[in-house]
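As recorded in Swiss-Prot, the features of this protein are as follows:
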BINDING   Arg51, Thr52, Arg101, His130, Gln133, Gly256, Pro257  carbamoyl phosphate binding site
BINDING   Lys79, Arg163, Arg215  L-aspartate binding site
Amino acid sequence: MNMLLEINDLNSYDIEFIFDTAIQHFNNSNVSNNSLYGKTIVNLFFESSTRTLSSFEISAKSLGAHTVTINVSTSSMNKGESIIDTVLNINAMNPDLIIIRSQYSQFIKEISKYLPNCHIINAGDGHHEHPTQALIDYCTIRYIKGKIHNLNISICGDILHSRVARSNIRLLSRYGANISIVAPPTLICNLKGVSHIHHNFVEGISDSDVIMLLRLQKERMTNFTISSEEEYAYLYMLNYENLSYARSDVIVMHPGPTNKGVEISHYVAEKKSIILLQVKMGVAVRKAILEYLLCHKLVKDMGNIT
């Protein structure tokens, strides 16, 4: 595998390797190795990021790679250079891998056509996909629950604008999860792999094994999709009271950033969620992805083990 642009780029072997390797890293998070020594990884983020960018940088450095993060606000794009020329110039410097985030859906897939021999990771493109976040959530759920098959997973919030929702639905439904999406009618879209659509929040989370919350992406909203944050919170915020309708061992997830008091109460975020565990798993999973893309010999040798 040369690139990770979409969840469907991964087959079952790819996912199993990433899961097994990620859990090894997760259980040995204080242990560094030099599996990527001598590799150069460029982070090229055209959209703001805290967790994803930091997670990739920490993952790469802990594996011995050299990282270069391009500050787009001070790059030659401010002098009129096009995005494609920026990417082509960076690629001409022969980095081993480029990690790209863009506000434009499908942009990274289009860019990849100009870079057939370069390793590329999609760190999120518009509302299209965020494959590494879906892998993090998959690994987190499987780590805690021991499986994905037949779990009732409720994804709640701004489905319409969410790349995380799309990638998660594609991945988790492949492994047999029963996925419900829960949102106002104006924030819903038809997605393959969804079992149920709910506009009533309590109905949507009833009997859930996993509740995955998503923030309102106001920066992507071009039409009048909600009347107010206050009304949205009244109808769709997960709080102490409505959490009781889910299963007693439910896990509450959020890819971040959270808007406490809107989609999740302070109490649930701080006392009942596994948000920080997801962040920790994020470093482990991204280590595994980097190794899978860049350590070809390691993967080949593992594939020959009988």
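Cβ coordinates are placed from backbone N, Cα and C, and glycine is handled just like the others.
Feature map: Swiss-Prot annotations on the structure.
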residue: Arg51; record: carbamoyl phosphate binding site; CB count, 10 Å: 16
residue: Thr52; record: carbamoyl phosphate binding site; CB count, 10 Å: 24
residue: Arg101; record: carbamoyl phosphate binding site; CB count, 10 Å: 24
residue: His130; record: carbamoyl phosphate binding site; CB count, 10 Å: 27
residue: Gln133; record: carbamoyl phosphate binding site; CB count, 10 Å: 24
residue: Arg163; record: L-aspartate binding site; CB count, 10 Å: 22
residue: Arg215; record: L-aspartate binding site; CB count, 10 Å: 19
residue: Gly256; record: carbamoyl phosphate binding site; CB count, 10 Å: 16
residue: Pro257; record: carbamoyl phosphate binding site; CB count, 10 Å: 10
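Within 8 Å of the centroid of the Cβ atoms of Arg51, Thr52, Arg101, His130, Gln133, Gly256, Pro257, where the record puts carbamoyl phosphate, the same chain has further Cβ atoms from Ser49, Thr50, Ala123, Gly124, Val164, Pro255. For the recorded site, Arg101 (carbamoyl phosphate binding site), the DSSP three-state label reads strand. Between the CA atoms of Arg163 (L-aspartate binding site) and His130 (carbamoyl phosphate binding site) there is a gap of 5 Å, rounded to the nearest whole number. Binding of carbamoyl phosphate is attributed in the record to Arg51, Thr52, Arg101, His130, Gln133, Gly256, Pro257, and the widest Cα separation among these residues amounts to 16 Å. The CA atom of Arg101 (carbamoyl phosphate binding site) is located 19 Å away from the CA atom of Arg215 (L-aspartate binding site). Rounded to a whole number, the C-alpha distance linking Thr52 (carbamoyl phosphate binding site) with Arg215 (L-aspartate binding site) is 16 angstrom. Arg215 (L-aspartate binding site) has its Cα within 10 Å of the Cα of these binding-site residues: Gly256, Pro257, taken from His130, Gln133, Gly256, Pro257.
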